[in-house]
Amino acid sequence: MNRLQYDQVRQNDRVIRPMVSGDLPAVMDIEFQGYSHPWNETVFRDCFRENYRLWAYDCGGVLGGYAIVAYLYDEAHLLNLCVAPAVRREGAGRQLLRHLLAHAAHEGMEQGILEVRASNQAAIDLYQSEGFRVIGQRPGYYPAPEGREDAIVMTFDLSSA
Ligand SMILES: CC(C)(COP(=O)(O)OP(=O)(O)OC[C@H]1O[C@@H](n2cnc3c(N)ncnc32)[C@H](O)[C@@H]1OP(=O)(O)O)[C@@H](O)C(=O)NCCC(=O)NCCS
């Protein structure tokens, strides 16, 4: 098999599926590599609720990333999107984002909303390139190594998606 064929097989091995509780050890591993202030396992366990959607990016049986979304009225609130360092810059974050937005639209949500650290330019670039726009700022929303950090609030119109 040549490199191109191998890459195609690898891509085909990648699927987005609902997260299950058995994913949590791998989720915690990625979470701790992804954030300065990671969620703990109890927070993830608490997300297995009827109005939450938990998505796993599965690379041939190995977890490559995940997204957590809460549905509230007609809003899909993206609470967490994280990709394992080993598979970053390969499109996983974008695929997860498109998947969760498509599902939210399909399930009748009118708007996607999220907060992102003001310093997290990689994530801001991703969201803006997918059509999110900045609607405001929450001062001191996040804990930071020295004090607090502002959140940028972004929304996405799902009614036209
Ligand atoms: C943000 C994150 C989810 C992106 O995941 P990813 O799979 O690497 O992203 P993709 O490969 O789909 O990249 C999509 C776009 O995001 C932007 N991007 C991603 N990583 C970037 C980086 N290191 N520097 C600059 N832009 C970046 C680019 O616009 C990129 O598009 P391009 O590759 O065409 O230039 C990932 O870096 C991550 O898990 N970070 C830690 C957790 C986090 O910050 N989550 C977001 C919380 S709001």
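Cβ atoms here come from the backbone N, Cα and C positions, even for glycine.
Quick look at what TrEMBL annotates:
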- E115: active site, proton acceptor (ACT_SITE)
- Y127: active site, proton donor (ACT_SITE)
- N120: acetyl-CoA binding site (BINDING)
- 54-73: transmembrane segment (TRANSMEM)
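For the residue listed as 'active site, proton acceptor' paired with Y127 (active site, proton donor), the C-alpha to C-alpha distance reads 11 Å. Checked against ligand 1, the recorded positions E115, N120, Y127 give N120 in sequence order as having a Cβ less than 6 Å away from one of its atoms. Annotation note: Y127 (active site, proton donor) sits in a helical segment as assigned by DSSP.
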